[in-house]
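*Asks:* Once you've had a glance at the structure underneath, I'll fire off some questions.
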Amino acid sequence: MTGKQNRVKSSILIVGLFLLISTIMMIPFYLKNELISGYDMQFHLNRINELYNHLLHGSWFSFGSVYSFNGVGTPTELVYPSLFIYPFAIIRLFIKNPIAATYMGIQLIIFLSMIISFITGMKFWNGNKTKSIIFSVMYSASAHMFQLLFVGFSFGEVTASIFLPLVVYGTYSIFFEKSKNWLYLVVGMTGTVYNHVLSVALFSFVVFIIIVVAAVVTDDFWRNCKYLIFAVGMTLLCSAFFLINFCTMMLNNHMNVTAVFDLESRAIQLGAIFDASLNNGGIGVVPIILIIFSTAVWKNIAKMIKVIGIIGLLLLIFGTSVFPWSVLQNTPFSVIQFPHRIFTIAVIFLTVFCTEIISINIVNKSMKYKECLTVVCICLMVITFTGSSYKFFNDTNTNANVNFTPSEAKYFDSTHYKVTEKTFNNLFAYNSGVGSTDYWLSESTAHLSYFANHKIKTDKAKIKYVRREIKSNYIIYKVYVNKKDNIDLPIINYSNTRAYVNKKLANKTSSYYGGIRVNVKKGINTIKIKFVAPQLFILSIIISMTGFILYVYIYIKKKKIKI
């Protein structure tokens with residue numbers, strides 16, 4: 001068997017291993033067959049449901065919510081990155097059970113996290129498969145990952161985190177390796193942009209930390225900065241599809257963006273994170289044990305790995321109440337909302353450190369010993385992840401099933417609930433939960449009841465009947481009024497909405513509620529509200545495609561492969 005054939009066989013086995021591990025990790029959830037509320041669950045399931053229905057009706061993009069988020073036209077997918085929402089929506093097209101489909105999407109996240117972490121590890125450890133496998137499983141099956149996936153249901157944050165290894169390695173390579181693999185940083189940051197805007201700010205902080213370290217310890221720092229500039233420029237090109245549309249919508253509409261909280265009051269105590277970790281919360285019990293063990297082998301640890309471990313511990317402390325977060329309250333750093341988000345970047349540094357601690361015990365050992373230790377590490381992580389699953393089920397056992405259609409009069413606790421296959425669609429009725437008014441126009445947020453109940457109002461005319469029809473990217477009303485009048489529709493008046501009255505483009509204005517206001521004639525009126533692409537939508541696609549083509553060209557040239 002040739003070397004190339006061996007590499008292909010090895011790659012297939014590793015992919016199969018990660019698929020097996022991710023499946024085993026998710027078995028308890030498949031068997032449970034219930035979705036148990038994480039803090040952001042209703043918000044992200046509404047996003048998935050919106051895109052799923054658009055795909056079902058032949059549209060690849062949602063320019064305004066019509067099937068979810070109370071159907072008021074919120075352009076969520078234009079201002080909140082949705083790269084990983086597509087796999088969830090596509091899976092739902094083929095899997096009838098929405099609970100199983102959602103868990104399959106989560107398994108895909110875990111699986112891809114392992115693949116990306118392994119590829120990154122192979123570059124960082126110069127092809128050492130043992131270290132790379134241990135690192136990928138420890139990172140992807142970490143207690144912190146479990147918290148993001150299930151306790152928080154923080155899809156944006158967790159999907160961005162699978163690109164963090166690429167961001168860290170890409171930046172590290174620019175300043176500390178001869179290979180200067182800045183293209184990894186491009187993929188990492190571009191992937192982050194297309195998944196979670198706040199994580200872009202957070203991961204930029206990681207890049208800053210590595211730059212500071214490099215400035216202190218490397219001799220050719222300024223010469224290497226050119227590769228960082230290349231990476232930033234390429235990232236902007238590849239991310240243009242989202243960034244241009246995001247900026248267009250934000251500049252043309254005064255939106256209610258995600259809230260900024262008091263950082264000091266939301267910081268977790270250091271003792272609490274330590275206690276939680278010992279109970280396999282926080283950063284997890286396995287990393288805590290390995291960090292403690294590292295003191296016994298400290299003299300055998302490479303200097304760079306010591307620095308990585310110390311950075312990880314400092315970041316862990318930084319994310320707690322030990323740091324005076326009040327001093328950053330009125331700075332751009334406040335956009336992270338919760339200090340514990342720092343744990344995401346602390347975890348990757350600590351995982352690299354812990355991988356090296358494990359590896360100290362396999363130096364000069366036989367291949368069989370290395371394989372056995374790798375299996376033990378994998379089993380430990382899978383067991384602790386599974387243990388967290390059943391603890392999560394037990395802790396949420398009293399969560400009420402949403403076995404009714406929510407309304408303004410009867411709603412449910414949006415942070416403590418569960419849904420089954422039969423009650424799943426109840427989450428897309430009246431929505432006043434977490435994120436229900438995110439990205440609404442500022443003047444509309446005080447009128448949730450008006451919009452969510454789909455009330456139509458006139459100045460003086462009496463409304464005889466209303467019929468509402470929903471289609472992909474537009475809503476049609478048929479309204480009978482007894483006289484010519486202005487009519488207020490429960491659709492928020494964004495810059496990318498168009499109103500057609502009796503097939504003619506109407507001059508729409510904003511109502512008192514921030515909704516669409518049009519003039520109608522006496523009798524039956526057909527009003528079509530269409531949600532269109534932002535002004536620079538096509539240009540954004542062209543720029544991003546140019547960026548991707550340029551990326552492929554540079555990658556091929558860098559690998560010295562003939563086109």
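Numbers run from 1 along the shown chain.
Glycine is treated like the rest: Cβ placed from N, Cα and C.
Heads up, here are the entries from TrEMBL:
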- 12-31: transmembrane segment (TRANSMEM)
- 51-69: transmembrane segment (TRANSMEM)
- 78-95: transmembrane segment (TRANSMEM)
- 101-125: transmembrane segment (TRANSMEM)
- 146-172: transmembrane segment (TRANSMEM)
- 192-216: transmembrane segment (TRANSMEM)
- 228-251: transmembrane segment (TRANSMEM)
- 271-293: transmembrane segment (TRANSMEM)
- 305-328: transmembrane segment (TRANSMEM)
- 340-360: transmembrane segment (TRANSMEM)
- 372-393: transmembrane segment (TRANSMEM)
- 536-556: transmembrane segment (TRANSMEM)
*Asks:* Can you tell me which recorded stretch out of 78-95, 146-172, 228-251, 271-293, 305-328 has the most Cβ pairs within less than 8 Å of the transmembrane segment (51-69)?
*Replies:* 78-95
*Asks:* Name the range, of those listed as 12-31, 78-95, 305-328, that has the largest tally of Cβ pairs under 8 Å with the transmembrane segment (146-172).
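*Replies:* Between the stretches 12-31, 78-95, 305-328, 78-95 has the largest tally.
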*Asks:* When you scan the chain for residues with a C-beta under 8 Å from the transmembrane segment (271-293), skipping those not six or more beyond its ends, what do you find?
*Replies:* 138, 142-144, 147, 309, 313, 316, 319-320, 340, 343, 346-347, 350-351, 353-354, 357-358, 380-381, 384, 387-388, 391
